[in-house]
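**Q** This structure is in structure tokens; I'll ask about it shortly.
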Amino acid sequence: MEKVNFFEEVEKTLNISFNDKELIDTALTHSSYANGKKGVKFNERMEFLGDSVLQLCISEYLFLIYKSKSEGELTKKRSLIVCENSLYEVAKKWNIGKYIKMSKGEEITGGRERTSILANCVEAIIAAIYIDSGYKKTKQFIIDNFKDIIEKAIKNQIVLDYKTNLQEIVQQDGDIHIEYMLIKYEGPPHRRKFYTKVCVANNVMGSGVGYTKKESEQNAAQDALKKLKSEDKWNKEGIDTNEK
């Protein structure tokens, strides 16, 4: 795609114009594309800024609109709105994956559909708009594009999909087997509690409890993700599954 057409398509998709076109170019450049290319900028620093701008805009919006909600309630709603899965939903709505510059290897392994890559691009795009047009325009852009997610968060209709996140991370290095095993359940039928463990490559990586099997599996996946991070087994190259 020619560069002029690229910018026009992206601006049309986002319904916004950029004064500095290079900002959106950088926002849509994955680090894998820049490897070995001297002087090519990629979007990781912009992700950092975009994350902060998004948090501020959503915080201000919730604070002004929902005056009766407590600090704890507002914090919980914000975390749902700005979580990776919500950003992924926005990215899919834009179909932004097709515009991302990435290495052939990243593309072959499903990079254009990867939750983390798409979510990071949304943050980088927000940063690009903020740098190019300032806070007021960025806030309006965020509210316009996140309004459905904000509404779902207020209605408690957002579920954090930790299982998908765990699967994407551990399978970066190949088709590594993940298994969720129901350990036991207890309590009456109307208030039954389920206990689940998750195994990655036959290693127990996390456990979770919930009032449905699905909830207990999500909590087990969340526990596994926390352990992978804290034990430094999770990194950009994948996960060490050889430990016993």
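Keep in mind that glycine also has a Cβ here, set from the backbone N, Cα and C atoms.
For reference, Swiss-Prot lists these features for the protein:
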- 7-134: domain 'RNase III' (DOMAIN)
- E47, N120, E123: Mg(2+) binding site (BINDING)
- D51: active site (ACT_SITE)
- E123: active site (ACT_SITE)
- 161-230: domain 'DRBM' (DOMAIN)
**Q** Please give me the CB contact count at 10 A for N120 (Mg(2+) binding site), counting all chains in the structure.
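**A** If we count other Cβ atoms within 10 Å of N120 (Mg(2+) binding site), we arrive at 26.
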**Q** Based on DSSP, tally up the residues of the domain 'RNase III' (7-134) by helix, strand and coil.
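**A** Looking at the domain 'RNase III' (7-134) with DSSP, the answer is 94 helix, 2 strand, 32 coil.
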**Q** Per DSSP, what is the residue tally for the domain 'DRBM' (161-230) in helix, strand and coil?
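**A** Tallying H, G and I as helix, E and B as strand, the rest coil: 30 helix, 25 strand, 15 coil.
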**Q** Just name the winner among E47, D51, E123 (the recorded positions) by count of other CB atoms within 10 A of its CB.
**A** E123
**Q** Report the mean pLDDT of the predicted model across the domain 'RNase III' (7-134), rounded to a whole number.
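**A** Taking every residue in the domain 'RNase III' (7-134) and averaging pLDDT yields 94.
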**Q** Quick check: with E47, N120, E123 left out, which same-chain residues have Cβ atoms within 8 Å of the centroid of the Mg(2+) site Cβ atoms?
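**A** Other same-chain residues near the Mg(2+) site: N43, E44, M46, F48, G50, D51, L87, A119, C121, V122, A124, A127.
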**Q** Given D51 (active site) and N120 (Mg(2+) binding site), what distance in Å do their CA atoms have, once rounded to a whole number?
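**A** Distance between the two Cα atoms comes out at 9 Å.
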